[in-house]
Amino acid sequence: MTSANNALKAENLTIGYGERTVIDNLSLDFPAGRMTAILGPNGCGKSTLLRALARLITPEKGTVTLGSDNIFSMDTRALARRLAILPQASKAPEGITVADLVRRGRTPWRGLFSAWSEADAAAVERALKEVGLTDMSERPIDQLSGGQRQRAWIALVLAQDTPCLLLDEPTTWLDLTHQIEVLSLVRERNRNQGVTVVTVLHDLNLAARFYDRLVLLGPNGMVAAGSPQDVLTEENLMTGFGLSAMVLPDPITGTPMVVPR
Amino acid sequence: MTVKMNAKMTAGIRGGLVLAAALLLAIVLSLMIGQIRLSVSDLWTGLLTGKGPGALTLRVLRGPGVVTAIGAGAALGASGAIFQILLRNPLAAPDVMGFTSGAGLAVVCGVLAGTTLPMPLLSAAGGLAAACAVAILAIKRDGTQVPITLILVGLGIGFLTTAGNSFIVTRLPPEQAAEAQRWLTGSLAARDWGHAAQVFGCGAVLAVILAIQVRALGLLELGDDLANGLGLRSNRARLQLAGTGVLLAATGVAVAGPVPFIALMAGPLGMRVTGATQPGGRIISAAVTGAIITVLADLAARSIVPGLQLPAGVMTGIFGAPYLLWLLSREMDAGDI
Amino acid sequence: MRAMAVAALALVFAAVLTLTVGVREGGFALLWQALTAFDPTDPAHIAIHSIRMPRLIAGLIAGAALGMAGTIMQAITRNPLADPGILGINAGAAFAVVIGSLIAGRADNGLMAALAFPGAAAAAVAVFALGGGLKGDAGPVRLTLAGVALSAMLLSFVSAIILARNEALEVFRFWVTGSLAQAGMRPLGYMAVAAVFGSALAIAIAPRIEALSLGSALARGLGTNPGRIQFGALVAVTALTGAAVGVAGPVAFLGLLVPRLARRVGGHVLRRELIASAILGAAILLFADTIGRLVTPPAEIRVGTMTALIGAPMFIWMARRLRAGAGA
């Protein structure tokens, strides 16, 4: 499954809202089967970049390719079978159950009038199991805790069963335990099925722990991209965040750990 | 998992049966009560043999009105549910947002201008015009469109069309003016089988279209970004659904006038009874509840003052507005407005 | 000051128009004659005295009262959409009068009209409570929606009662949209007294309302008692709205239109704004009424319809600028 067909590639992207150019001539590779985190201060265009990768916005210039296909000229449903996006802070419909929510992730695989298939049921069941909500599948979303709710949303995109998965700040509003839980289950999907993962993330240390590659955006465009060791340097943190920090090896994993001065 | 699922499904089925029984009861009561009171057995005999006072009531006196009320109420209720799901706000109903009064204004204008166009067409034109006006005027300077602005601008369009209506009514001779005023309040007096056929004909076509669109509604509920990610062209889908919603409301208005608050009330009340959470279930329970409310409102309107037929819209106004107030206080507690 | 003078001139002009413009053209000369040398045998003179004069007086009372009521309500709720019509206070007054005359028989006399005051007060308290005012977070959106709902319910009752009694359409129009036609039948004298009382109270407490609009904590610091001021404002709004409904029925939107203009004329001093509101309210109402009589003779467009035709677009324009949430 880890074929080059699932690599995402941004080429010469320029994106702006009205007068303001948010992303200027950015080119980036998101290798297939790897986990890439997009980091950077508020307003540097992290979410904008992710939205362009998912075709939620059309750039002024440049393209995004998935494998060999330009995503902006792909059929909507064909794209939805290959690439899933979980936007930030989604709000569930009133009273809906976990299972009903997750089932909606199967939409791109279903014909207009086709019935619910075995494959659909299996995908939903697998997704629920991966996020550990099998027992709560018939509970209304509004009754779940914040961490469980976020896992339900992730189950929805897991049920979509795409080889490429984009997540916009999936850990915001969660406490540390739940942040780790959520990132672990994403990494599990990545390790088991070779899914390409691109995530916008706030926490630098968690990003370094869980992700293979980091992309650091600063106020004036991209600062660095590469392995956590290459990206999280004191110099890059200064350029990207204007933050004076020490970078030490994480005592448990050995990945870089940022300690603000 | 399967056991729980069954429990949920039985709850849904039970709710569905409750609604169906309530509709049946409303229909029977509405057929029985009137200037001449009939018993259930009168109706039964009339239905089976086609003879006696029951048959006359069913065929001519009350039957067509009740059937029209069912159709109009179902159309308005379904329309309300569509907009409530689409905008994710229980206040977002076509009657609150002025679509139905726009449709009513167009019908009155058309009839007065002596056009030969059929009523549903006029009504649809008016409803779509009002909806477009609301949608365009609610776009803020930064290009965004939020539900609460849509609702407020819709209220304003409602005020404007109401003023337009009274402007037109003023110019009519007294007899016609009184008639137009009643129709604009929402009335089911003197409906015939033509009206019933019309509302069910148009309603059936729209129901088929809606059945095709309903899955998109389930995705739009999740927010635009996720819906797009799941392969939906959300803007197009939303326009199509809003179009169907406006046309459904217009279908109801064409035969019953702009009866207020049915579309607002039907969705949440129906959902409460059946516990439906999926768009399809919510729309169906809203349609049935809308039919129940309309039949009962018509019954109350013609039996509350003996010998006098009030417009049904007066009744839904009296009972619907407190509902709106209650909804408001609940929304407030939830911190949504 | 110059703006105030222009407003006053506009009012005089509107008043003259109300007296002179009509189906039978008489012109200013006829008016002058009728006022200075009244000839009881001349039907034109009688028309001016018994039809036009009451209409003018009713218009002055209702216009000034609704304009001032709107200004006070906007100041105290800090809500640009506040208007006695939109917030259901008109409807409360109309409902009480109609219910009263239903119980007591058909007479529309001064005593019945006095019911407008408790009706208006009850509706004002109700809409404030329903809009979240008791919890201290009556945002514009909530208040407006609560007002619209309350108004819809009360006017539905009014329609039901009037239709059930098989009254003439004219009566229906008066009690549902408001009208200055047949103003001679209204208890103008009593209502004028109430309106004067309401205006005087409003002008007296205006500086304290201004203090309150800085926030209740600061108002306390400035030595005012928020509860008492709110009560005073309620009494003033009730007297003004009741008087307006008593002479002209539930005319909506005037209280929405006037305050914005009044601020241009009177500046940001509430007392001056109130005086400007009275002048502008009366002028706009009289103009609207005159236009309503001119558009489709011999039929008359009721003044409540005219104000709605002008006010509804204004409402939309203001709704666009409003932000959701309690604070905006």
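Keep in mind that glycine also has a Cβ here, set from the backbone N, Cα and C atoms.
Quantities reported herein were computed from a predicted structural model and do not represent experimental measurements.
Listed in TrEMBL for this protein:
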TRANSMEM  B:65-87  transmembrane segment
TRANSMEM  B:96-115  transmembrane segment
TRANSMEM  B:121-139  transmembrane segment
TRANSMEM  B:146-168  transmembrane segment
TRANSMEM  B:196-220  transmembrane segment
TRANSMEM  B:241-263  transmembrane segment
TRANSMEM  B:283-301  transmembrane segment
TRANSMEM  B:308-328  transmembrane segment
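Contact check: the transmembrane segment (B:121-139) against the transmembrane segment (B:65-87) gives fewer than three Cβ pairs closer than 8 Å, residues 6 or more apart, which falls short of the contact criterion. Nonlocal intrachain contacts for the transmembrane segment (B:96-115), taken as residues 6+ away from its ends with a CB within less than 8 angstroms of a stretch CB, comprise 76, 83, 122-127, 129-131, 133-134, 150-151, 153-162, 164-165, 168-169, 172, 180, 183-184, 246, 249-250, 252-254, 257-260, 263-264, 324.
The recorded stretches the transmembrane segment (B:241-263) and the transmembrane segment (B:283-301) share 3+ CB pairs below 8 A when only pairs 6 or more apart in sequence are counted, and are therefore in contact.
If one looks beyond the transmembrane segment (B:146-168) by at least 6 residues along the same chain, the residues whose Cβ comes under 8 Å of a Cβ in the stretch are 87-89, 91-92, 96-99, 101-102, 104-105, 108-109, 112, 130, 133-135, 137-138, 140, 180, 184, 337.
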